[in-house]
Every structure is written in structure tokens, then in C-alpha cells.
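Novice: According to Swiss-Prot, the record shows the following:
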type     : residues                        : note
BINDING  : 30-37, 147-150, Val176, 184-187 : ATP binding site
ACT_SITE : His37                           : active site, proton donor
BINDING  : Gln61, Gln153                   : (R)-pantoate binding site
BINDING  : Gln61                           : beta-alanine binding site
Amino acid sequence: MLIIRNKQALKEAILKETQVNKTIGFVPTMGFLHEGHMTLVKHARKENDVVVMSVFVNPTQFGPNEDFDAYPRDEAHDAKLAEEGGVDILFVPSVEEIYPVELATKLHVIKRVSVLDGADREGHFDGVVTVLTKLFHLVNPNNAYFGQKDAQQVAVVSGLVEDYFFPVNLRIISTVRETDGLAKSSRNVYLTDKERKEAPVIHAALQLGRQLIESGETDETKIVQMMTDKINEQTAHEKIAYLALYAYPDFTPVTDWSKGIIIAAAVKYSKARLIDNELINVKRR
């Protein structure tokens, strides 16, 4: 496995592969890898000749009240997992490598971000599309891999790819979970033992919402209240940041219950904010 920190070296390494018609699969991450990331790598390995992974904690997607410096990092651990998983090129740039000068232009997301994380974390998705635009240009992948757990991000990135004609196929992979249903996340390490035992109720509540909708329930207030009650009864969280359902991928109010719907939750614990979702009537790519 090649570990590359320099943009030019990355482009040269990838050009060497594409000149002999090899396909490139790309897994962008912020590091502190876990089984969820490695599932993306597994799919990329199966579907491409060359697998490129980036590990970059992107400062532009952190808000003023979010601690960029405290985000967990472990490069040695990440490199070990990446190599064991079959990554060919690991791109680990510095902030200065990706943002060498102050940006003269800025991407701004105007749709699919007025609710959920888009509303809760102002400017977050602007940072996401900015760094992905840079990375897509550097890697020029045939396929890029994202997890369903970040469903709003997936919808935003799909819009980016469609709007700016990026020649990349987005591959969306189902959320990887612990045996008790908790979605795998780098932030799970911040949960106390008690919080960790209780946190799987988030997924259980979302499944309840799915069951209600699939059984014909269309009273949105009732669905959300039943899910809220389930979470409040079974876990001592700090607050529910959001628990809602929307049409997917547009994140507008549901008007047709036979089309794509997302039920999404964000629950704040003492030192961790966990997100999860269920997609209904959505065909995965």
C-alpha cells in the first residue's frame, strides 16, 4: 500500500493506473476507521482495480461550536486497517495541502439542507461539498463509496455530482451496525458504559417508525411521537436534536407515502452526538 501526503504524488500514482485502463474506487473518510469504513472498502475492492482511500479531518465542515481539534485521530491504526482491507493508495494530506491558501470561491448548498444536520450544523454541508470537489478532482474516481448512515450527506453529494457533471458513480452502502443495532460510528467511543447500553434504542425507534409507515400509518405527528416516547423511555440522553421524517432525497414534507421517505434521528449524549436513519421505498445504487 502506498501512503501519499502530496497532491502531485497522488495524481501521478493514479495516472499510472488509469493509463493502463484500471478503474478507480474511492473511499473518502475522516479517519479513525471502523468496520463501517471497511465495509465500504470491501465493496470498492470487489468492484474496482485500484482502491484509493483518503483520511482527512476536514476543518471546513466543523462549525464554530464543534471541536475540530478533539475529533479522534489515529493514523497508525488507520493505515493498518486500510492495508489489511486491501487499500492500494492511502492519501493522508495535511490541512495545508488541501487548503494551501484562503479560498477565493466557495460552494454553497441551497437544497436538501434546510432540515436535520443542515439546520443543526450551519455551513457543515458547504464544507463537505468543498472538500469532496477537491478530492474528486484529485482522485478522478470511477466509483465513490458512502454509507447510508450519512443519508443527508449522500443526498447532498448526489446533488453535487449531478449539478457539476462529475463523471463518478456514487455507491451507497447499507449502514453497518453492532450486534445490538447501534450504527457503527467513530463517535461511539465517547459514550459512557450506560449510554452505550442504551443507545441501540435509537435504531429500535426508527424501526418502529418504519413498521408504522409500512402498515399504512400516515399521521406524521403520531409516528414521530411514538418514536420519541420510545427513546425517552429507554435512554437518558441529553436531548433529541431531531427526530423527523421527510421525502427522500429532497428533504421536503412527505406528500406521497408510496415514494422515498427518510426517518432520521440525532440524539445528543454527554460527549457524543449520534445519528441514524431508515430509508423507506428507496432503491439503493
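Cβ atoms are placed via backbone N, Cα and C, with glycine included.
Given the structure is predicted, the values throughout are model-derived calculations rather than measurements.
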Novice: Between Gly36 (ATP binding site) and Gln153 ((R)-pantoate binding site), find the distance joining the two CA atoms and give it rounded to the nearest Å.
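Specialist: About 16 Å separates the two Cα atoms.
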Novice: Return the residues near Leu33 (ATP binding site), defined as same-chain residues 6+ apart in sequence whose C-beta is under 8 angstroms from its C-beta, sorted by sequence, else 'none'.
Specialist: Val55, His77, Asp78, Leu81, Ala82
Novice: Need this for a regression test: recorded positions His37, Gln61, Gln153, filtered to those with Cα within 10 Å of Val176 (ATP binding site). What's left?
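Specialist: Cα within 10 Å of Val176 (ATP binding site): His37.
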Novice: What are the non-local neighbours of His37 (active site, proton donor), defined as same-chain residues 6+ apart in sequence with CB under 8 A from its CB?
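Specialist: Sequence-distant Cβ neighbours: Val27, Thr29, Leu81.
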Novice: Sort out the sequence-distant neighbours of Met30 (ATP binding site) for me: same chain, 6+ apart, CB within less than 8 Å of its CB, listed by position.
Specialist: Val55, Phe56, Val57, Asn58, Tyr71, Ser186
Novice: Are there any residues in the same chain, six or more apart in sequence, whose C-beta is under 8 angstroms from the C-beta of Gln61 ((R)-pantoate binding site), and if so which?
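Specialist: Listed in sequence order: Gly123, His124, Phe125, Asp126, Gly127, Val128, Val131.
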Novice: Any same-chain residues 6+ apart from Gln153 ((R)-pantoate binding site) with CB under 8 Å of its CB? Would you list them in sequence order, or say none?
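Specialist: Those within reach of Gln153 ((R)-pantoate binding site), by Cβ under 8 Å and sequence separation of 6 or more, are Asp117, Phe125, Val128, Phe146.
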